[in-house]
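Working notes, structure below.
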Amino acid sequence: MNHQQQQQQQQKAGEQQLSEPEDMEMEAGDTDDPPRITQNPVINGNVTLSDGHSNAEEDMEDDTSWRSEATFQFTVERFSRLSESVLSPPCFVRNLPWKIMVMPRFYPDRPHQKSVGFFLQCNAESDSTSWSCHAQAVLKIINYRDDDKSFSRRISHLFFHEENDWGFSNFMAWSEVTDPEKGFIDDDKVTFEVFVQADAPHGVAWDSKKHTGYVGLKNQGATCYMNSLLQTLFFTNQLRKAVYMMPTEGDDSSKSVPLALQRVFYELQHSDKPVGTKKLTKSFGWETLDSFMQHDVQELCRVLLDNVENKMKGTCVEGTIPKLFRGKMVSYIQCKDVDYRSDRREDYYDIQLSIKGKKNIFESFVDYVAVEQLDGDNKYDAGEHGLQEAEKGVKFLTLPPVLHLQLMRFMYDPQTDQNIKINDRFEFPEQLPLDEFLQKTDPKDPANYILHAVLVHSGDNHGGHYVVYLNPKGDGKWCKFDDDVVSRCTKEEAIEHNYGGHDDDLSVRHCTNAYMLVYIRESKLSEVLQAVTDHDIPQQLVERLQEEKRIEAQKRKERQEAHLYMQVQIVAEDQFCGHQGNDMYDEEKVRYTVFKVLKNSSLAEFVQSLSQTMGFPQDQIRLWPMQARSNGTKRPAMLDNEADGNKTMIELSDNENPWTIFLETVDPELAASGATLPKFDKDHDVMLFLKMYDPKTRSLNYCGHIYTPISCKIRDLLPVMCDRAGFIQDTSLILYEEVKPNLTERIQDYDVSLDKALDELMDGDIIVFQKDDPENDNSELPTAKEYFRDLYHRVDVIFCDKTIPNDPGFVVTLSNRMNYFQVAKTVAQRLNTDPMLLQFFKSQGYRDGPGNPLRHNYEGTLRDLLQFFKPRQPKKLYYQQLKMKITDFENRRSFKCIWLNSQFREEEITLYPDKHGCVRDLLEECKKAVELGDKASGRLRLLEIVSYKIIGVHQEDELLECLSPATSRTFRIEEIPLDQVDIDKENEMLITVAHFHKEVFGTFGIPFLLRIHQGEHFREVMKRIQSLLDIQEKEFEKFKFAIVMMGRHQYINEDEYEVNLKDFEPQPGNMSHPRPWLGLDHFNKAPKRSRYTYLEKAIKIHN
């Protein structure tokens, strides 16, 4: 327990009393002493290190500070005078400082009693908050007379920044420790001892490669079980060699699973740091969500090896995976009384072993090959011999070199309707002889296996942590692979500690146990674990992976240096041609020439670089930065190369990044002759852009730009405009100034100067002109002003078919001033249908999908429908095509139900009865939508079904408004059979029949109504049921029949029972309860619906 929390708890009123001295024998987990951190200096005491439990396997390095365990002592002198906490000097384990903390503990409610507080502290002086280290420890007060009488307690704790000490505030009564007769104190000295075993720490500079020779894998999310599997496959060296040899030269780097696996294996072999797996999971074609879905390691192993095996076909390593992992077994059924036997040989790549109720792996194998007796109701159908008593079992023909054993730790619990984890103890040996389970043994090659990998899960069915213990070279020297951290461990930690089950030793947690084992055949050990050297990796693969690394390093460097650079986007004048909107170009469609420029470089340096890149001398180019104006437009502005040449780019751009510049150049046809750009006087000249509008084509034509003095009159520009547009001189023109979106002003007076004719004259102003032609009045948009107004209201809308999931739809350009009918007419033309046969739906604001339907008399505009969309968000509406006019359709309601056809098959249909109608109207609509049987009554009925049972038949005059839909109920329409049209209510009855298997609450299948007669023999009822369900006699013999009432069932004696209608009537006084029903008890052969959500869907590799 962390002692700071302990002190805080004791300060609260009404705290729980701490254990008295006689309670000292309780387990560490039985006390809730919470902890606190003090950093008092060591005031007295000495530390002694002892070899204790040290293991020669562990001490791989000379530097003992990296060891995994240690025993150290701390002697506190003048113990009787101890008044505050004391700390021992540090003992380094896993390169972290561990200290003994001792303190006297006083209790406000018991001032004459105190106890000894004893804690283990880890890494307390570190400023880091990200470190953690799990450890187990034995805390002991030494008895100097008899060590066997020393007092000890165990702890197991995850040490981290917030809880960096753990132990007991009432470890032992003060009076016992200081009693000379007890043997704990000698000359006022008490010796405290700690034996600590620590896992490799996380969040600190742990060098896995240095301490083990291997590196780990980064944890990518809920796929950490995948890390365990990948390490297991990596250390199957023969497989690793084969993966390297797969030809991947032409593979897509992002989609090739073999290449991604080669990459992971190569980095595990050569990297000094943990290796990432994101490229591998990306190659699987996984969605974002997929990589966080907890799955069974067997499932991923099988799918991954299948994928690789298929891609090895036709290569030099074809057959490697079957050679390593495939075994053969035979499933047999042997009849006892007739000469009949059925054998089926099959391959397997892993074996699933049941562990429930089994002590060890041998008992599981015995259970796996145990003979099952097929007798009684479970006899075997031996064809012409009929049902026979038989024996069923499996025998192993061969066992593979690499044996994957899946321990069934996770099982379905029918009581809770979910999977549970079995944490029972289950033992497995380091050496596993399996000859006794083979049908035929080979004396020259006994089936003796060596344990190679132990895959371990800590936690429950809902989640937890995965690690793998590996014996990489098969020599008994084990390592623990915990995601990115790899550490050496003892054989005991790898094997015995992962048996599972309860253990008094807190170093083994109850929920931590093995779920998969990998054994390698002893005779194949050297072959499977053959050394993999650089010579086994194709040179072209090495070069490709190294080039990838170089590119990644370059990109990483660019990201690190990105703050030093800015982007300059150059737009040339040819990008203005063809633009049909406001300003000079569409920012989403324009093609820029992008330069990466140092922010502190000068304009002069950039112009020089730009000149060289674009191939124009500096006197043939001029830069015009695109400047955002206050009215929302973006126009070119003057940049003085001479005056601003020494200014930095970031200064000139006013921190705009990317910075867009219009690059003016000499006409390329004149550039070769040495022509230069005309002079531009920034104080007296202005640059204007010209557009010509053609009302006949409703289009704009870019007519270039001009320099002109500010004092120039509008009339002086008319000849230039006529020339640029290809009009004859003196053509009468109408001129407009394009001010901003939805504001285009006509220029009335051509005899005034530019600064008076144009509003706030600036460089980059746009003049739009058109012919003054009376024929323009016949055009839909006769003037440029109307064109720009229409453009302002123009909107692209995506229309998606509501009835098609994920329909991409089609785009229609509309005006947001359109009303409902105008929109419907436009969409109907696109769909080649009648506007009245369309219904439209708004888009839901909170998610992508159809919302409420629009009525055909909607009075708003398209703008009103789209007002909640964000500016750059795609505008979307939904539609569905109708079979009746919308005016009629809106007076009807949508009614989803099931139609049961004459072949006793169900199909879902949607009907549209009058919303104020009754069941009769619904049935009439159904007659129009379905095909009735030839030999039936032609009359329909509406049933209500809950949990696969019919709970009622609705009367024809019942209002549809009373039928409320719900997820728990289903409405079904069916044709009334001829024998059920007229019922003799005195002697006959319609009863509900439903299917179940063993439990009446587990109904399934299609329920139905059946006519029965008072006094008829039940065999007659059975014949009608068999005929209706069209079941073979042999299958029908397995059915049992029961009368079910109030959740209880009573089986019918088929040979004796005669129908009594009272058995199917509600109990007197309980008319509100459902009627009894006839249950058909038989096995459900239909595939069960998945119990699981999307998060538990089957794993799949898509590439």
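Glycine residues also receive a Cβ, built from the backbone N, Cα and C atoms like all the rest.
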According to Swiss-Prot, which residue among S50, S68, S630 is annotated as phosphoserine? S50
Annotated residue, phosphoserine, per Swiss-Prot; candidates S19, S283, S653, S1072: S19
What residue among S54, S152, S779 has an entry for phosphoserine in Swiss-Prot? S54
When you measure from the Cβ of K883 (SUMO2 cross-link), which residues in the chain that are at least 6 apart have a Cβ under 8 Å away? L837
Local Cβ density at H465 (active site, proton acceptor) - other Cβ atoms counted within 10 Å: 15
Rounded to an integer, what is the Cα-Cα distance in Å between K870 (ubiquitin cross-link) and H465 (active site, proton acceptor)? 43
Please work out the number of neighbouring Cβ atoms within 10 Å of the Cβ of K870 (ubiquitin cross-link), leaving out its own Cβ. 7
If I take every residue in the domain 'USP' (215-522) and average their pLDDT values, what number comes out? 88
